[in-house]
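Handing you this structure, nothing more for now.
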Amino acid sequence: MNPNQKLFALSGVAIALSIFNLLIGISNVVLNVSLHLKNNNDQDKNWTCTSITQNNTTLIENTYVNNTTVINKETEAAKQNYLMLNKSLCKVEGWVVVAKDNAIRFGESEQVIVTREPYVSCDPLGCRMYALHQGTTIRNKHSNGTIHDRTALRGLISTPLGSPPVVSNSDFLCVGWSSTSCHDGIGRMTICVQGNNDNATATVYYDRRLTTTIKTWARNILRTQESECVCHNGTCVVVMTDGSASSQAHTKVLYFHKGLIIKEEALKGSARHIEECSCYGHDSKVTCVCRDNWQGANRPVIEIDMNAMEHTSQYLCTGVLTDTSRPSDKSIGDCNNPITGSPGAPGVKGFGFLDSSNTWLGRTISPRSRSGFEMLKIPNAGTDPNSRITERQEIVDSNNWSGYSGSFIDYWDESSECYNPCFYVELIRGRPEEAKYVWWTSNSLVALCGSPVPVGSGSFPDGAQIQYFS
């Protein structure tokens, strides 16, 4: 073969290879375009797409060819629904600890945030702690003076339940010095109260977006529950009070849908004074056990029909008194009037679960101070003035400080055909009781849930040695 023939032959081979490379490139482009169009056509479906991409690169005559394999795994996303309060409370034979954050003990060496008024609230993904921070950490000099409840520096945060609140694990929600929060199954509503005592404003958020505001109606410390609110079929109910803490005040029951007020009611029934309600849901109803800061050492109760969006109120009927401070227990209670006596006022946030023979009430062990905590089983305490204690379980011994307490329920626990009642106890440390050692006031938290079988005993105090902070 002469040189010219060799040249033509090699040129032909090169042209053939080039055409082959070009065809591969065109087919690769067509494949990618078709896959892209198929993805766009499927976007109107409710799919979750997981893609696994494998790239192999081959060099042919200085041309890079990418072979791409795409594996689509399509699963239909779970549909979200509004929470329906369609179960009764579970029977409880005792209480077990499900979380304890030991925040003050950790705070001796870690940057733990100063908080108070903590509570627990759940959603479809689990439960978290909520608390009002003071804009500082325990070891920070700004912690001096954090005994004050209402300042412009406070705000609501949430943290993993059982972990001490630090900057890195805290999720900011809203600015304010009084709060409540609850999940309706689709989104979370949060309310914070901010501003001056005589001209406060409540800000309402749904799914973290500001939806409305509520201006003071009595110009005297507008305030709300300091524990979770409750929702049913898209409607969330909140109890708010404005007015004197030591005489007649003005309480409203407000109904919200997606953070907007759809109805409000002035307090009805025989309760004289309402503050800091601890609410739970069951059987299309919401029951709130509250604080009478004016007269009653027996706790007022608000019963709310969520379908009718109507309520009534009375007092716990039992003569076993559960506010602090309080006089001695009475042999006969009163369903419609406050039980007074020395010491009586002012009070502390508390809770109860009212379920006929399955009724449990919480209270401090000391009748005069916020120390110790116990759970009392008092069948029919909500309806029978003669009801008495049948069981007692110590939660915090009387030699240790307690504080506020409140109820919560994981309504999304599908493992049970009933709602298991749960509660938390705030364990306050620092001022005023320990002013000898520190200038700050903060808390840790312990949370407990019901057990269907009898349990053992134990005390679960804060546990910090306050002198270590001196």
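Cβ coordinates are placed from backbone N, Cα and C, and glycine is handled just like the others.
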If you have Swiss-Prot open, could you say which of CYS90, CYS127 makes the disulfide with CYS122?
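Of the listed candidates, Swiss-Prot names CYS127 as the partner.
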Out of ASP305, ASP323, ASP329, which one does Swiss-Prot list together with ASP292, GLY296 for Ca(2+)?
ASP323
Looking at Swiss-Prot, which one out of ARG128, ARG291, ARG388, ARG392 binds substrate in the same site as ARG116, ARG150, GLU275, GLU276, ARG370?
ARG291
Taking Swiss-Prot as the reference, CYS279 is linked by a disulphide to which residue in CYS288, CYS290?
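It is CYS288, per the disulfide annotation in Swiss-Prot.
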Can you list the residues of the same chain, besides ASP292, GLY296, ASP323, whose Cβ falls within 8 Å of the Ca(2+) site's Cβ centroid?
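For the Ca(2+) site, the extra neighbours are HIS273, ARG291, ASN293, TRP294, GLN295, ALA297, ASN298, ARG299, PRO300, TYR315, PRO338, ILE339, GLY344, GLY347.
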Just jot down the residues in the same chain as ASP292 (Ca(2+) binding site), at least 6 apart in sequence, with C-beta under 8 A of its C-beta; none if empty.
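In sequence order, the residues whose Cβ lies under 8 Å from that of ASP292 (Ca(2+) binding site) (at least 6 apart) are ALA271, ARG272, HIS273, ILE274, GLU275, ASN298, ARG299, PRO300, TYR315, ASP323, PRO338, GLY347.
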Going by a 10 angstroms cut-off between Cβ atoms, which of the recorded positions ASP149, ASP323 has the sparsest surroundings?
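The recorded positions ASP149, ASP323 were compared, and ASP149 has the fewest Cβ atoms within 10 Å.
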Spatially, and counting Cα to Cα, which of the recorded positions is closest to ASN233 (N-linked glycosylation site)? Options: ASN86, ASN144, ASP149, ASN199, ASN400.
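Of the recorded positions ASN86, ASN144, ASP149, ASN199, ASN400, ASN86 has its Cα closest to that of ASN233 (N-linked glycosylation site).
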Give the distance between the Cα atoms of ASN400 (N-linked glycosylation site) and GLY296 (Ca(2+) binding site), rounded to the nearest whole Å.
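Pair distance, Cα basis, whole Å: 25 Å.
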Rank aside, I only need the closest one: which of the recorded positions ASN144, ASN199, GLY296 has its C-alpha nearest to that of ASN86 (N-linked glycosylation site)?
GLY296
Between GLY296 (Ca(2+) binding site) and ASN144 (N-linked glycosylation site), how many Å separate their Cα atoms?
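A Cα-Cα distance of 34 Å.
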About how far apart, in whole Å, are the alpha carbons (Cα) of ASN199 (N-linked glycosylation site) and ASP149 (active site, proton donor/acceptor)?
16
